[in-house]
């Protein structure tokens, strides 16, 4: 793991480097804090006069925003003082392995490219490319097999959901063919 | 008996051939998806939501009942045969279950899990039939302040119970509440937090949030630290129980049921606490050889927690159906499914849609029986599912996640939102923020707001209206207690040590 290792879990504040501003989790804590500010500032333009008791559409957001500012503050303090959450257990994730950012970025790029090209290419082509790209990125050994699985899966889901269940999926380039 | 009659009518709805087929599809898909590593019951329900879009409501909920129970069954197979459970509720099953499997007793472990789930599910669904009408009678007099207090209790309980760190649970809850604020205010028609994006006016669909946080978040997380090499799956034949296994299993099943149902029905109770308690109880009660076996694969340690797990799933349905109060992430997604059909669970649902509610409850009994019949002979087949190469598995999860989200509005903007939520889910996993509070905050937040504004409007601006009903006062007090209990415990511990 790239962050300084500390024994124990969330509530432990061991004798280890107690106060530090250099923790990756701080980013998340600051996002929470910023979200609180965003709710309060972002609803400033909501002006409808509700009832006379100040219960307009800004009433609840201000409560949520203030609460979030408070929570964010405590969260930042906790992180700075060395508190740490337990990374989630998952079947296929090795929590002791160092983070593999290259794979994460590649997965992200493939997914966003899929999102952008889906309407143009259609579900079958875009879906097959998405599956193929991701499985190769995640370590599929036989590219040919991955390609075949990708095409079969995207075609089958298209047929099952569009023809069978009446769900709308884009036909894209293949609109005349299928 | 009134509810007995309604239940019989429910069976009449659920036992029509077409609905039986929907139930069968539901349990099969639920088990299949639930067996897949990396997919818990909540994600199973979220991913399978789009399948029900074109189905009439009564049939859709019969299918959902099957998916819900099927997902639980599937999860236990995974944790017994593959020693790295993803969901916290089946973590306990893996403790003894996987050790049994490694000692060559996989067939018995699966059998006690399946039969125990059947016994617990059937008894707990029976308790649901008895409890639901009682809660409905009680809840019919609830005012807006009571509902607001209930929501607050659900918020604090789920945030402080599910996480070892209360501040992280609350942060997750807050994120969910903010997402719930986005869109047009239901009462005044004002747009809030939409940042000028027209697609956000209707708010962010719960399905996108659930699929993003659970499915895409999980894939990104796994991608960041993929375990390389073949996972070790214990081979298994057809599950069966010997005579001594039966006599060692039936008491833990019943004890597990007794623990699971009430905890499932409580806000923040969920399945984690009762499965853990059941394990502890069985370990304490063990004598002689059994005691030695604990830690090396004792059948009691599988039978009890599995029963508790399934009983709590039925327990969760009590507050969900009668009050519209989800107490787990899975329940929150079920609630979203109801809302998609324009239905609001609560006392009125039992009045206005008895056929739907009782049909769903009846199909829980049917689905449970189907699962027992399906799972005992099909276990070797499910075990084979565990061998799916991981690159295909996670690519498939993303493909279906995209499919489910695109099916909602056919919009690429939703896909971008899905990705952003996936990154959020990734960060939450990495830093140990529980996901359930976010999903519950998202779905209960708007309800809490409506009830709060309604209560304050009735009270003409007087804030004490929120605690005027004794019910609301008690609920809010318990909510505060749930929030500060970990803090008080810590202070007490510090005083003792210091």
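Counting starts with 1 at the first residue shown.
Glycine is no exception: its Cβ is also placed from the backbone N, Cα and C atoms.
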Need the matching range: TrEMBL marks transmembrane segment on one of B:273-296, B:465-488, and I'd like to know which. B:465-488
For the record in TrEMBL, which of the ranges B:138-158, B:243-263 is the transmembrane segment one? B:138-158
Segment proximity, the transmembrane segment (B:415-444) to the transmembrane segment (B:165-184), 3 or more C-beta pairs under 8 Å: yes
Tell me if the transmembrane segment (B:317-338) touches the transmembrane segment (B:138-158). I count contact as 3 or more CB pairs below 8 A, with pairs 6 or more residues apart. yes
For the transmembrane segment (B:317-338), which stretch among B:204-223, B:358-379, B:391-409, B:465-488 has the most Cβ pairs under 8 A? B:204-223
So which residues does the transmembrane segment (B:358-379) touch in its own chain, when a touch means Cβ under 8 Å and the partner is 6 or more beyond its ends? 6-7, 9-11, 13-15, 19-20, 23-24, 26-28, 31, 58, 61-62, 64-66, 69-70, 73, 77, 107, 110-111, 114-115, 117-118, 121-122, 125, 128-129, 132, 236, 238-240, 314, 317
